[in-house]
Every structure is written in C-alpha cells, then in structure tokens.
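Straight from Swiss-Prot, the features:
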BINDING   10-17, 23-24, ARG62, 89-92, LYS100, 116-117, 160-161  substrate binding site
ACT_SITE  HIS11  active site, tele-phosphohistidine intermediate
ACT_SITE  GLU89  active site, proton donor/acceptor
SITE      HIS159  site 'Transition state stabilizer'
Amino acid sequence: MSERLLVLVRHGQSEWNLKNLFTGWKDPDLTELGVTEAKDAGRKLKEQGFAFDIAFTSVLIRAEHTLDLVLEELGQTGIPVRKDLALNERDYGDLAGLNKDEARKKWGEEQVLIWRRSYDVPPPGGESLKDTLARTLPYFVQEILPCVLRGECTLVAAHGNSLRALVMVLEKLSPEQILKRELATGAPVIYRLNADATVASKLDLAA
C-alpha cells in the first residue's frame, strides 16, 4: 500500500493581501512575492521528492495560479486537477474590497474584530468561519480524503479559512483552537495519514 500523503498549501500573497483588503470571493491575482512564494513551495516539495497523483484547488485565481506554479516547479503539470468553489475562501460579504482600517472606521474596531475572529458570527452578507467549514468539510470528506486513503499523493492549494476546515478535522481541533491557527502563505504542510484517516505525522515546511 502506498503512503497516504496529503499536502496543503495556502496561496501566495495576493494583490489584496498586500493592500490589506478583505478579499473573500473577490478574485485578485498573486503579487510578485506571491509568485515567488508559490515557486518556493514547489521547490521545497521537489526537494522532499514528492510525485503527486491528483490536485485540488478553488475557483479563485490566486489559488489556481499558486497550484500551477507549484506543479510547474515540480515538473508535474500533467496530473488531474479538480477545481471547486467548495474550497473558496470565506465570503466576507460587505467587507470584501474594503481596507481593514476603512472597515474599522465604518463599523468600529470591536465589531470588525468579532466578524474576523469569532467562529459563528458572519459579516453582513457573508460567511462565518462555521459557514465556511460547513461548505468545505463535506467536499473534503467526500472528494479529497478518499483519494488520500487510496494511496494517491494529494495536493490541495486553497485559502487560509478553507484550509482551516481541513486542518480542523485532520488535527481534531476545537473552534477555539482553529481560530488561533494561522497558515503562512505559500508554506506546504505535509500530513501522513493512517488507514483510519488519523494523522500519523505532520511536517510544516514554512520558511
């Protein structure tokens, strides 16, 4: 039986990350730094000897572009790639496109902090982290996890909050714990799973 390997990569820095804007389902591309981060992720995975069988990403360009750059660096652009909005970033609703300082002026520091850091309070017209998990987790369990458990080396390039859903179930974290978990841009996290989908080992390739 092949190893059950799952690699998660948060997209590289986007143009809106750089401008400190709420992004969500808006669709900015990577910055030059983001491109470099994605290529570095591919290089690190190449150094580890990874040969992927399948990859998953969202339908947002910053994640798709990150995946493309990682696979190019690996020389593995021919593998099957599945794209699904289930892996999209949390939808920030009315906050999307606003500078975080502008949002604080409009709604107040405390309210914006609640929207950003609470588990189940959504911003106007948007999703809470709980809502995002409800969208992302079924896709992970039904589509991604079976590939890993079959022994297919699996790569997921997505977003800070959609990847939190995967980390939450893999590491059996509470809502309070997952809220505190930060995923660095362009930093691969490698999970080796047991046959029952529990984590045998984890390796974070940040920096």
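Indices start at 1 and increase along the chain as displayed.
Glycine is no exception: its Cβ is also placed from the backbone N, Cα and C atoms.
Shown here: features listed in Swiss-Prot, placed on the structure.
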residue : record                                          : Cβ contacts under 8 Å, 6 or more apart
ARG10   : substrate binding site                          : ALA157, ALA158, HIS159, GLY160, LEU163, LEU183, ALA184, THR185, GLY186, ALA187
HIS11   : active site, tele-phosphohistidine intermediate : LEU30, GLY34, ALA38, ARG62, ALA63, HIS65, THR66, ALA157, ALA158, HIS159, THR185, GLY186
GLN13   : substrate binding site                          : LEU30, THR31, LEU33, GLY34, GLU37, THR185, GLY186
TRP16   : substrate binding site                          : PHE22, THR23, LYS26, PRO28, GLY97
GLY24   : substrate binding site                          : GLU89, ARG90, ASP91, TYR92, GLY93, LEU95, ALA96, GLY126
LYS100  : substrate binding site                          : ASN20, LEU21, PHE22, VAL112
